[in-house]
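Asker: Would you mind keeping the following structure in view while I ask a few things?
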Amino acid sequence: MRHTFVVWDYVVFAALFLISSGIGVFFAISERRNKVSSSDFLSGRRQMSCGPVALSLTASFMSAVTVLGVPSDVHRYGASFILFFIVYTFIVFFTAELFLPIFYRSGITSTYEYLELRFSRPVRVAATLIYIVQTTLTDCTSFLFAHIFPVTGFDLWGSVFSTGIVCTFYCTLGGLKAVVWTDAFQMIVMVTGFLTILIQGTLVNGGFSNVWERAERGGRLQILDFDIDPLRRHTFWTLAIGGTFTWLGIYGVNQSTIQRCISCKSEKQAKMALYLNLVGLIVIVGCAVFSGLIMYAYYMNCDPLAAGFVSAPDQIMPYFVMEVLGNLPGLPGLFVACAFSGTLSTVAASINALATVTYEDFVKSCFRNLSDKLGTWICKGLCIVFGVACTSMAIAASRMGGVVQAALSIHGMCGGPMLGLFSLGILFPWINWKGAASGLLVGISLSFWVGIGAFIYPAPTVKALPLFLNTSGCMLINETFKASTVAPIVEINRPVLADTFYSLSYLYYSAIGWVATIITGLLITQLTGNTESRFQTPDPLFQWEDFSNPYPVLIRPVCNLFCFWSQKYKETCWCGVQHDQEIIVSGVKLKLENGIY
């Protein structure tokens, strides 16, 4: 029997919005007693503890796409998504040990400020503009939960507008502190929603052993596929290698991540937040994967997508929830609140990050004498502007289906070159600004080439066929739908690259951009001349005054890993950097060890 929302479902859903808004009001009132500068508004006074930051990071990167998309993917393709545990371990380790120390110790607010300190202002401006376009476009994909409402009976336009309004409201009032604490609350809602689905779904399937047996019989537990074919959608190698580059590009050097990490009281607290966040990522993805297995076990003999009961894969999860939980008032509302929590946290973090980079990278550079009060009001105004922009993009995406698909690929196409740009600055001391700029340009061009090519000429379905979906136990809506799903697709005038380069797994887009950026940066630097060292006669007072050459605090060279036995070779690869120096920062003497003060 099909169910729709009842009063208690709306009450639970409304409570999510009211509490999220209330947190923003609370911090707006509590911070009014203090003179809050624009920097405090955007960085939380750098007094955050690791617990709420860890929850915030997990909630922001586990959007509604995870809540709805991962269970559907597991239902159709199997549980290989569980291999993202390996990916998350890699990205958290590299972020905590490689990127975070650089950003935290350099005292920056905008991630892209590093690029000016390391290379030049034009490189910083180019990277900031790419980030703004990327984030504004991809934010609309967080509203993909809109596809679930025809299943639940919930109003589409009211949900999109209410999400945009609430996110903008508490971001504008409370700043980063409101974003972090609201994300922490929403993370609890997400876990509660998933646990409800897991418990009730296991019960209706007759227990966990039945779920496991049916999933194994249906081939959903064939996780390890070591096929090296890069055209295959998901294999061990595409997930472990391509997934690491993809997520590191949108995580390790992402303004949204770094901004919350540097808001912590200390670097140790920031690292702890990242490692605690790893636990949260594993919990959420684990819940999503097992939800997919439970769904498959329930629909093993009557798949709603193959039968035509739902029109899109993302609708399978809400369809299952309404069927299994529909007779329990309030629980369907809890599931929708779970999906909305992912969306609210993702969009709110993006709005705050966009306001930060715009203010730090453009407004402060143009108007250097802004008062703290005026700067704070400008930051709040930018939150409103980007909140309206993200909501508008979501509305446009719902009317133009192709825009959503294109926006989903932008993270991979932009993330790799951006990761390559920061890698050039941090790992290779001799890279100059010309090499960095050229690398970014070539990396973006190549990754967009393959991404747009794949969008125009989709990969042959033989490389990404879903596993068998059975409909023998149900009555199909009509035979026309069934026939259309098995009809062969005739491709006309496909270019040579369509079945090779354009058919690469989407997880390799970032890897292509990273490799192209690194190779181009190294080659152009060799042609135009290495960066000269400033470290032979360091200034008595540490100041950011000449950005043509890097200070050691901006670099963690890869040569330290491969030349650890020889101080001579280290100094050669560091372009003459002396490893045992002391400088004075605000009256404090700091010793340089392996490039880090």
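Note that Cβ sites are derived from N, Cα and C of the backbone, with glycine treated the same way.
Among the features that TrEMBL reports, transmembrane segment is placed at 6-29, 50-70, 82-104, 125-150, 156-176, 188-208, 234-253, 274-299, 334-357, 377-397, 403-428, 440-459 (among others).
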Asker: Which stretch from 50-70, 82-104, 234-253 shares the most C-beta pairs under 8 Å with the transmembrane segment (334-357)?
Answerer: 50-70
Asker: Grab the same-chain neighbours of the transmembrane segment (234-253) for me: Cβ-Cβ under 8 Å, and only residues 6 or more beyond its ends, written as numbers and ranges.
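Answerer: Tertiary neighbours of the transmembrane segment (234-253) are 61, 77, 80-81, 83-84, 86-88, 90-91, 94-95, 98-99, 111, 224-228, 411-412, 414-416, 418-419, 422, 505, 507-511, 513-514.
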Asker: Look over the recorded stretches 50-70, 274-299, 440-459 and say which has the most C-beta pairs under 8 A to the transmembrane segment (82-104).
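Answerer: Per the Cβ count, the answer is 274-299.
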Asker: Before we move on, state whether the transmembrane segment (274-299) and the transmembrane segment (6-29) share at least 3 Cβ pairs under 8 Å, counting only pairs 6 or more apart in sequence.
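Answerer: Taking Cβ pairs at least 6 residues apart, the transmembrane segment (6-29) and the transmembrane segment (274-299) are not in contact, as fewer than 3 fall under 8 Å.
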